[in-house]
């Protein structure tokens, strides 16, 4: 056994991480000890020697960001947060992976103090970090002035082989290199092991050359267990201002475990009591489980240093306030996520007076008109598109493409839908900006897991999804969404708006921007749609997600529709009126929001006992819960076809005549 006093202090700090991780996984009988043990030296060097943070204030705006992209190594992060002084007591490390503990199996933002993003789906943390670094660069260009670098921090990422195998890593890292995100520093845990074994059989990439081709600064072949080599690499990385840096760290998974280090068995299972005991002997670690020696605890404690660093920044910010009061006020507003007073005034003016927004218009074009009105009042809006700007209509006259220097308010993400969605999550997590990005709705499948993560993290992110149905016509079934609206509605805490005209589109944008606790998907048409007149009460009720658009005395049936099919339902109601059948028309642009209303309001719109028919150019099964067993869901339960839109609507029975006929049959059978 090595005597503790003879072991290098930095090595003892790293070993504290190893044992906290191994002991917590052992107690939980669940978890991943190998990666935390293998990255212990990397973590010691980054967190004790480079990371600028204040454990007493995890929300300090100019803190460095740390992202554990290989989120299965969560016990490494929890050990770091506990040791450096965050509000994470040892009792919570003992509760690792237990119900309601703040130490869940994978890191979750807003659950554990100091965790910057929720990670676990490999590669997404890396893409989030790209978004954070992009946000830092854009905000620095906006707010910094000579002598006042109030936005000046790095984003550090730990990532593994799995992150780099995910295609998302290509999308995000290619973009990061193109945009020159010089304050993004990634440390690659190159241990050569994944769940199935040695990765050489399925991951033989030359990673340094790959990242050099992206335009990254690459520091290759660093011993991931040599603190001096790691420290030198990090100093070199921080000196690079124009390119992101990848530090390739050769590591041994499960480092320190006498019998299991270097093998895939240590990846995702407890080491076992005998192996941990042998490790204690081999590393000269005499402390009991969940006990940290005083000298190690003192060496890790970052509270005093963190407070001093934030105090220095605060003093600089006070001077900044005096020199640039308007900029300082704007910085505080945006950092706190507050929308400016009256930001919606110009948009509301478009609804109060004759304007193109009130005419026959595609809702994608209506969305662009909304953005034209909103962008001057909301400098925090950061737009973008996955190479479909001219189709999504996500740009406005005030759009300036983001460039290498960090100026602009519009990102050309390229054909990178998943990358765009995950990068936008990182932008939202950073704060100070509200990202929105566009693609065709059928390609939302590429983005889906990042949309899910935004919902889980409760992020204000807006997805502009155009060409929302068979209404796009001749491009055919590869581009015609069918199941997508229903699928997106199934994501908890995700709001899906499918507006029927300019007014509903405006309210959809307002709802998306005012929603601070989750993402919004705006599902928009390619084709022009008929506008509807509304009184003040109806217009206000748009914000409730569903409302009575056209009513009649003593209705016998309720027609419920969204988007382009609202016009079909309204015309069907007229046909039914000619046949002596009174039909109420309900527009339901946001089903989730409607069902969040109180029961009295819902019943006033959809009276119990009245037969219901839903009309939406998409999968019908979602609507069966709305119309009930006695109702009828009209839509499309197959893939589309290549043809003009008018022919497709006729082919699939989505016409006023078909809807009216279905209503008559339903009433006859009732």
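Quick reminder: no glycine exception, Cβ is built from N, Cα and C everywhere.
Take the substrate site that Swiss-Prot assigns to 32, 267, 364, 391, 467, 475: the candidate from 309, 316, 515, 526 listed for it is 526. Listed by Swiss-Prot as binding Mg(2+) are 191, 193; the candidate from 161, 223, 226 that the record includes in that site is 161. The most densely surrounded of the binding-site residues 191, 391, judged by C-beta neighbours within 10 angstroms, is 191. Here residue 161 (Mg(2+) binding site) comes close to 189, 190, 191, 192, 193, 194, 199, 203: these same-chain residues lie at least six apart in sequence, with C-beta atoms under 8 angstroms from its C-beta. Taking the centroid of the Cβ atoms of 161, 191, 193 as the Mg(2+) site, the other same-chain residues with Cβ within 8 Å of it are 38, 160, 189, 190, 192, 194, 199, 251, 253. Distance between Cα atoms for residue 32 (substrate binding site) and residue 162 (thiamine diphosphate binding site): 14 Å, as a whole number.
The secondary structure of residue 193 (Mg(2+) binding site), as reduced to three states from DSSP, is extended strand.
Look at the binding-site residues 32, 267, 364, 467 and count other Cβ atoms within 10 Å of each Cβ; 267 has the fewest. For the pair formed by residue 162 (thiamine diphosphate binding site) and residue 267 (substrate binding site), distance between Cα atoms is given as 12 Å, rounded to the nearest Å. When the Cα of residue 526 (substrate binding site) is compared against those of the recorded positions 120, 122, 417, the shortest separation belongs to 417. Same-chain residues at least 6 positions away in sequence with a Cβ under 8 Å from that of residue 443 (thiamine diphosphate binding site) are, in sequence order, 386, 417.
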